[in-house]
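The next block holds one structure in the form of structure tokens; read it before the comments.
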Amino acid sequence: MEGVPGVNNTVPNPNHFDKSIVLDIKPLRSLKPVFPNGNQGPPFVGGPPFGPSPSESSPFFPFGGQQPTQDTPDLNQTQYTPPPSFVAPLRSYRTPSTSNGPSSSSGTKRGVGRPKGTSTLKKKEKKTVTKDPNLDTQVVKRFSADYDSGISVAEREDGNGYLVSSVLMRFDAVRRRLSQVEYGKAATAKAAGTLMSNGVRTNMKKRVGTVPGIEVGDIFFSRIEMCLVGLHMQTMAGIDYITSKVGSDEEPLATSIVSAGRYDGEAQDPESLIYSGQGGNADKNGQASDQKLERGNLALEKSLRKGNGVRVIRGEEDPASKTGKIYIYDGLYSISESWVEKGKSGCNTFKYRLVRIPGQPPAFGIWKSVQKWKEGLTTRTGLILPDLTSGAEIKPVSLVNDVDEEKGPAYFTYISSLKYSESFKLTQPTTGCSCHGSCSPGDLNCSCIRKNDGDLPYLNGVMLVSRRLVIHECGPTCPCHANCKNKVIQTGLKFRLEVFKTANRGWGLRSWDPIRAGSFVCEYAGEVKDRGNLREDQEDDEYVFDTSATSHVYNSFKWNYEPALVDEDPSDEVPEEFNLPSPLRISAKNFGNVARFMNHSCSPNVLWQPVVCEGNGESVIHIAFFAIRHIPPMAELTYDYGVSPTSEARDGSFSHGKRRCLCGSEKCRGSFG
């Protein structure tokens, strides 16, 4: 830890706490904890992964420590960290609900979604940590008695695709939960500090070249996500590097750079990049200086001489956020030349030209192509229809075939929601809320909030926080206004989608826009069928979504946050199995929407969730699709069709819905017949 700014070299005494600091928490889930004023103690900051924040620190930068200098702390180092202190959890102040809605219970099965993490219900014992030269061992010793991350020491050093996906899903689940209880901007830092402290990370060993489990084109919505999976270890610095021994000297080599997309000439060419060096920024007196050939700049210069590949991550504006950024891993680049030129400040700036190594799949190039389609600068190759919905959706849905000569799928009528037959009976009568304005979390006078266990199930009105037995949305007859944050699936498509012809699986669905984990994609629209009135020809319907457990068995997986990671009682864990009031069978053969084109995958990137909307005195069940993980533009959207219990063929393959699996994932057991 020597030389790392803001890091104490002593182990804090875990038995010491400041009794003068008292948290005044409002009861009944006010969701706005009251923290000490300036005279009582330090401001609220995110839990730092490097140890406790100094009392004089300013809030969140990015972990509540000192503002970064050019010598940015290296998050590849793991060391003892006291568990981040949390505000009393939301459910601690919940008034018992008298509704008949689903209740939380324990006993959720853990499936293939992530490694198993466990915790004990007993109060954590305070113990003194013995100094150990192996910092990773210190973390394991400190937390192993209370929490099992499910990730071994070796797996934290070297990961794989499964571990990378698991760590990112677990991080985002915790981030969404902390954001739900209004930790605000500190939620990302607090989630990261919690996961790091508990050993939920992978690929901690720095390396030159590719990183196990990370694919070209993967996207990230914060730099800390890249730190957790070893793509780029710096939260602030744009250049990351390792130091190797060369004889008696140490020589740095660049491992990765993050291009923020705001430097001159840097952001447009998808095959090359001109990157500005670090340093030389204006000081507190507004005086800039020449950049120095040290640290990251020296590492880039050495990599130019050595010829090693450097990972390049491109930053782009998040189209769904005015201030957010999305980071695209664009693969390996080689440094072809370097020079010094005068910057706008008049001081010398290092410049490096990087060229993308051939043979890699397109990543940033796809972003630039999509941008041109949206702006009308170029025409989408293979475009058949600019909008197959004929205006039924608020966003157009393109129909594209650049594979063969087929002009489109079989005829169907596009509808944006469910269509009920006259003979079909809806579920039991019910009433909506009586709120005026927007429904608020913790408002037990709101019947819709009460049915959701006192929570708003969505974050910012767009993103699912956790899977539930069933989610209750405000319906069209609820008096709350149209942009109520408990109305998500009724507000239409949020992304620009495209129906396209696949090479071997018929028609598929993908998005021009990046999709963040938890975001609403679409619902499954079609005709709701009464099983007792089915005609024989409808039994061969390939576009049926059937929720009955006897019809399909779905692979279980863990997607929700783990209560132990947000300091909640594990017995309050929200079950992820579905519990519909009655089975639902939807046919999209004659009437449907974009969801009818989503193909099956054994490793899907989209999940389905039952959502009940109250309207006209009835509960209407919808099937809504949400993103399991971050989805890059033009990646096919897929979900698990479920396995028919009697579908095993002689070759050992299984049918999903009415078709054989051809998803190509590692979990896939068969292929189309």
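Please read every residue number as a count from 1 along the shown chain.
Just so you know, glycine gets a Cβ as well, placed from its N, Cα and C.
These features come from TrEMBL:
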- 53-65: compositional bias 'Low complexity' (COMPBIAS)
- 66-80: compositional bias 'Polar residues' (COMPBIAS)
- 95-108: compositional bias 'Low complexity' (COMPBIAS)
- 209-356: domain 'YDG' (DOMAIN)
- 431-492: domain 'Pre-SET' (DOMAIN)
- 495-642: domain 'SET' (DOMAIN)
- 657-673: domain 'Post-SET' (DOMAIN)
- 33-133: region 'Disordered' (REGION)
- 269-290: region 'Disordered' (REGION)
Contact set, same chain, for the region 'Disordered' (269-290): CB under 8 Å, 6 or more residues outside the stretch: 70, 237-239, 257, 259, 263, 296-297, 300, 312, 314, 330, 333, 343, 345-356, 362, 364-365, 368
The region 'Disordered' (269-290): DSSP-derived helix, strand, coil residue counts: 0 helix, 5 strand, 17 coil
Within the domain 'Pre-SET' (431-492), residues counted as helix, strand or coil by DSSP: 8 helix, 7 strand, 47 coil
The domain 'SET' (495-642) - residue tally per DSSP class, helix then strand then coil: 19 helix, 53 strand, 76 coil
